[in-house]
Number of protein chains: 2
Amino acid sequence: MNHEIFMQMAIDEAKKAYKINEVPIGAVVIKHGEVIGRGHNLRESSQNPLMHAEVVAINEASKNIGSWRLEECVLYVTLEPCVMCSGAIVMSRIPTVVYGAHDAKGGCSGSLMNLLHESRFNHQATVIAGIKHEECSMLLKDFFKSLRNNKLLEKNKKLEE
Amino acid sequence: MNHEIFMQMAIDEAKKAYKINEVPIGAVVIKHGEVIGRGHNLRESSQNPLMHAEVVAINEASKNIGSWRLEECVLYVTLEPCVMCSGAIVMSRIPTVVYGAHDAKGGCSGSLMNLLHESRFNHQATVIAGIKHEECSMLLKDFFKSLRNNKLLEKNKKLEE
C-alpha cells in the first residue's frame, strides 16, 4: 500500500479547507485501494462541532458501503485525530489509521493519549504516524501565519482610521 | 433546574430507539430551559457509526442555534457517554452533562476514564451521574433480555423444523 499517494489525497482535501478559511485538515477513507469517503474540516463554515475532516469522511464512507462497520478500511488524515475523531475511529472499527502531523496540544492517537491503543475498548487500531508530516504541518503553519498577518493588517487599518 | 424532567425527555427518546429495535439510548440538549436538540440511537437502522443519541442531539442543537459552541447548554443522556460522544461533548464545549446509567464496559465520562475531566483538553465539563439511573438501566436490561429471548425462540423454531 502506498501511504504517500493516499496521504496526498488527504492533503488535497486539507487544501479545500484552507481555501474557505477553515483550519486545513483533510481525510480520506480507503477500502481495498478505493476511496470510499473524503472530508475536510468544515467546523466554522457549517458552525457544527462535529464537522471535523475525519467525521465527514467516516460519514461518507459508511453511507457508501451501507454499513457502520468500516472493517478492512484505512483512514488517512493530515493531522493526528482529536478526542472525538479518535472515538469515531473506535466506534467505526477502522483497523488502520495513518496520520501526517502530530498534534501535541489535542492529539488523542498518540500525543496526549492513545485512544486507538486502549485495551479496555472493544476495538483497537494500528497507527502509522508521520507520513508526509512536513507537508501536512507546513499547511497548518502557513494557515495560522496568514491568519495572524490578516489580524495584524486589520489592527493597523483600524489605527490608521 | 429539574434534572428529572429533562432526563425523562431523554428516556422518551430512548423509548423511540427501543421501538425500532435499536439499543435504547436517548439524549436531549437543553439551553436556558428549552430543548434545542433531541436524539436517539440510530446506529443499526442508519448503518452509520456516528448516529449515537448524543451526536444526533448535538448536531440538531448546533443547527438550531447556528453555532458550534454549545455554551450554556446541558446534555442529558440515559447512558454514560462512550469515547466518541465524550469527545463530541468536549468539541462542542457543553459545560454540563447529566447521565442516567453508568456504562462499566465503555463509559468514558467516569467509568473507564473521564474525558470530561481531562485537564489537558481546552474544555472540561461538570458531570452529574445517576439521575433516574434505575429507569435508564432497566430499559437497557429489558431490551437485551428480549433480544436474547427472541434469539432463543428463533433457535428453538429452527430445531423444530
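Cβ coordinates come from backbone N, Cα and C, glycine included.
Residues or ranges marked as active site, proton donor in TrEMBL: B:GLU54. Positions annotated as Zn(2+) binding site by TrEMBL: B:HIS52, B:CYS82, B:CYS85. The annotation domain 'CMP/dCMP-type deaminase' is assigned in TrEMBL to B:1-110.
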Integer average pLDDT (0 to 100) for the domain 'CMP/dCMP-type deaminase' (B:1-110): 97
Three-state secondary structure, B:HIS52 (Zn(2+) binding site) (per DSSP): coil
Recorded positions, contacting chain A; criterion Cβ under 8 Å; candidates B:GLU54, B:CYS82, B:CYS85: B:CYS82, B:CYS85
Fewest other C-beta atoms within 10 angstroms, as judged across B:CYS82, B:CYS85, which are the binding-site residues: B:CYS82
Reduced DSSP assignment, B:CYS82 (Zn(2+) binding site): coil
